[in-house]
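Here the structure is laid out as structure tokens; the discussion comes afterwards.
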Amino acid sequence: MTRRTLFTLIALASGLALVSYWIGQQSYSWMPVQASAEAILVDNLFSFMVAIASFIVLGVTGTLLYSVLFQRASRYDISDGPALEGNLKLEIVWTAIPLVLVVWIGTYSYQTYNRMSILGSGGSLHVGMPTAMANEIGASPEASAPIEVRSRQWAWEFYYPDRDVTSTELHLPVNQRAQLQLTSEDVLHGFYVPAFRVKQDIIPGRAIAFEFTPIREGRYRLRDSEYSGTYFATNQTHVVVESLKSYQQWLAAAAAQPLTPAENVAYQEFKAAIEKPMSLGWSRIVPAAAPLANYSSSESDSHE
Amino acid sequence: MSDATLTALPKTEQPHPGAPDNWKRFFTFSTDHKVIGIQYIVTAFFFFLIGGLLAMVMRGELITPAADLVDRTVYNGLFTMHGTIMLFMWTFPFLNGLANYLVPLMIGARDMAFPKLNAVAFWMVPVFGVILMASFLVPGGPSQSGWWAYPPVSLQNPTGNLINGQLLWLVAVALSGISSILGAVNIVTTIVRMRALGLGWFRMPVFVWAVMSAQIIQLFGLPALTAGAVMLLFDLAVGTSFFNPAGGGDPVLYQHFFWFYSHPAVYVIILPIFGVFSEVFPVHARKPLFGYPFVAVSSLVITGLSGVVWVHHMFASGTPDWMRMLFMFSTMLISVPTGVKVFAWVATVWGGKIQLTTPMLFALGGLVMFLFAGVTGIMLASAPFDIHVNNTYFVVGHFHYVIYGAAVMGAYAAIYHWFPKMTGHMYYEGLGKLHFALTFIGANLNFFPMHPLGLQGMPRRVASYDPEFAFWNVIASIGGFILGLSTLPFILNILSSWVQGKKAPNNPWRAIGLEWLVSSPPPHENFAEIPVVVSGPYGYGSNEPLVELAESKAAE
Ligand code: HEM
Ligand SMILES: [Cu+2]
């Protein structure tokens, strides 16, 4: 390799590295708002992976594009290219590069995962410290019983055992480690709040401990992430993150309310469908009746 | 290869009755691997069109946020059948057909090791195809539990009938597994036992290496899937409780059975496509495959690693931390042998005398899209990130880049590349390029938007969605319709050139490989005398002969 080609290569690679870094920085804006401590960790990891990915994709595509544009055989040229069959040094280098990248990305992911430690102590074996994140942001882990998240076809129900409150909207105090216990009455469901970047399948017959730390006040979408049958798409509700004070006010107000049937999209759609049956008559699963709750959310409420 | 070698080949009249020049042969129980190959390919393509039509309806539904085009039950049936048809009725049969057609020719064999078994394995395809399609007609409609049929959803049977869509689905999938096992036994045996004299392992084309590696996966993986399907069938039909939590069963156990096969299955799909890339690039860039032994062996390495990664589909299931971390690392490792291949292709193309024929365009387009899928794949392997995006559209975008971008584009590259050999006619380049342009644009418009949607948190398998997702969904739908359209120039091209296209020479690409030494289309039993291979498969630019004919050798 001549000095000149070496210089060009280094210049190209550094230019590409800058562009890739910039794309990596952009990646934060592709995500929903960062409403939990975990979201910050995941977004940093994602940004790092996007930068590496951009470098690889742009580098390889650029090389191919250059070949296609400038190394075409002219119309009547039927000769062959150089009979290069291999180059041991090159081959070792490009086996080593992905290996190094993999170890790097893997280690970073491992550290991120450890710091998140979203599977609560009741759930399973731990690699990290359970309240690592909570300590970092200086939150005091509450000693109260975990909020019970009950999922079914198709409604979310949140039960606060300390106050005996049932709600179809999940309320959480900001900057405190949220402790949940996930259960399902029928099939697999998935607890998923995109703004928190956390997700956990809920398996019938098990109670899964789950935790994370909301850090930003607001109203966020909670979605079912594990396909659960006919009205799966409607199985959504809201999480409200608020100051400790308004959280306690909300709990007290809800506790004073009687249980009333909540709004339920699946149930409404089902009733409308059996009144005018679909011509194809493909089978639908009967949704559970609308849950009874002290406090219920409405689909028309806004979210971020 | 010298011209003398070419002209020394026997004349290709077809002395055997029913040689494949008679189209009626394709509708019989033929044991000729070439007939069976084309039978597979055409059947598969027919199902590809059906699966594609279902996808068009889905994209039609998703063009607006509300569930307003079809009922939710219909949407759920559509994505279940779309996924199932695309995997079990299009990709696997297509690739089996390609392997069937090419492997014996490429290794200098007269046929597969077990020709009758081969025909039986093929004829099972239309049989389970009919069973699967029949589920559209049974009361209650087809299965609505998604292509992975997780219990307990797949065990819910609101019609109460014994014969229901889910049952037919399970029977079809189990039969598909059996058919694929038969095919795999045959292909692996053929490659191991029937190679021509002189065709050592490191003179074998990469396509053959790749097919062998893929079929080995079928041998160890399919029994798990088939067992899982049969157990689920028992749960559904006779009320056992292997997987039913209501009776004490474990639904997560099913996920292990299922993914133990179904992750490696993506390599059953992609490895032969890697093989196609490795055949197409050297010919149309007129250079030897760079780092051939590395590319060849990396297929087997992928096969080995693919057996220890299945839990990455279950990062969000009830999976303990240590398992998440272990499978995160093993999954990422797969990118090493894969990276070796990608670099080798780039180095093959680099500095070549590139001819942008239709197969070359499809291979290049497929490579670029595969690259994109590869980097999002690494991201998905990273457990903390996967927890955010799994079961969202990010995953749907990732696997369609693999499966449409790389596998379907690679399949088209293969069809165009070997079309002259298979039919004896040239296709029309202009239509081919139009087909490529529509496919490449359509695929990227369709599948790129799925990534931002997934990052924003749009779940997959939903007939309706929140309005904030509308923008990217409209773009995806437009791309989807372009993709639907793109099949028209292809069908037109294939049909018209098959009937009246220009006659193809034996070796229109001046390619090196045993299949190009015989006439187009090849005669019954391929080789009048089995050639003796004297050099490697990619000697572009080095003027080595590939074969010595046995006869001329004997005459020495
Ligand atoms: C015109 C091209 C295509 C379009 C527009 C399309 C569109 C879609 C859509 C909208 C979904 C639903 C995603 C979800 O909600 O999870 C889907 C799922 C799927 N597609 Fe495609 N697709 C196309 C081609 C293909 C091909 C060629 C294959 C395979 C060879 C394929 C395999 C699958 C699979 C396995 C699923 C998952 C089904 C499930 O969730 O059960 N698709 N596709
Ligand atoms: Cu996988």
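We number each residue from 1, going along the chain as drawn.
Every residue gets a Cβ built from N, Cα and C, even glycine.
Because TrEMBL annotations are produced automatically, they should be read as predictions rather than curated entries.
Listed in TrEMBL for this protein:
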type: DOMAIN; residues: B:23-534; note: domain 'Cytochrome oxidase subunit I profile'
type: TRANSMEM; residues: B:35-58; note: transmembrane segment
type: TRANSMEM; residues: B:78-99; note: transmembrane segment
type: TRANSMEM; residues: B:120-138; note: transmembrane segment
type: TRANSMEM; residues: B:167-194; note: transmembrane segment
type: TRANSMEM; residues: B:206-238; note: transmembrane segment
type: TRANSMEM; residues: B:258-277; note: transmembrane segment
type: TRANSMEM; residues: B:289-313; note: transmembrane segment
type: TRANSMEM; residues: B:325-348; note: transmembrane segment
type: TRANSMEM; residues: B:360-381; note: transmembrane segment
type: TRANSMEM; residues: B:401-419; note: transmembrane segment
type: TRANSMEM; residues: B:431-449; note: transmembrane segment
type: TRANSMEM; residues: B:469-495; note: transmembrane segment
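Contact between the transmembrane segment (B:401-419) and the transmembrane segment (B:78-99) is present: at least three CB pairs lie under 8 Å, with pairs separated by 6 or more positions in sequence.
Counting C-beta pairs under 8 angstroms (sequence separation of 6 or more), the transmembrane segment (B:258-277) fails to reach the transmembrane segment (B:469-495), with fewer than 3 such pairs. Residues 201-202, 204, 206, 209-210, 212-214, 216-217, 220-221, 255-256, 259-260, 262-264, 267, 271, 274-275, 278, 281-282, 319, 323-324, 326-328, 330-331, 333-334, 336-338, 340-341, 343-345, 347-348, 380-381, 383, 386, 390, 536-538 of the same chain, all 6+ positions outside the transmembrane segment (B:289-313), place their C-beta atoms under 8 angstroms from a C-beta of that stretch.
Remote same-chain partners of the transmembrane segment (B:206-238), defined as residues 6 or more beyond its termini with a Cβ less than 8 Å from a stretch Cβ, comprise 95, 99, 102-103, 106-107, 149, 151, 154-155, 157, 162, 166-167, 170-171, 173-174, 177-178, 180-181, 183-185, 187-188, 191-192, 244, 249, 254, 257-258, 260-262, 264-265, 267-269, 271-272, 274-276, 278-279, 289, 292, 295-297, 299-300, 302-303, 306-307, 537. Across the domain 'Cytochrome oxidase subunit I profile' (B:23-534), mean pLDDT in this model comes to 94.
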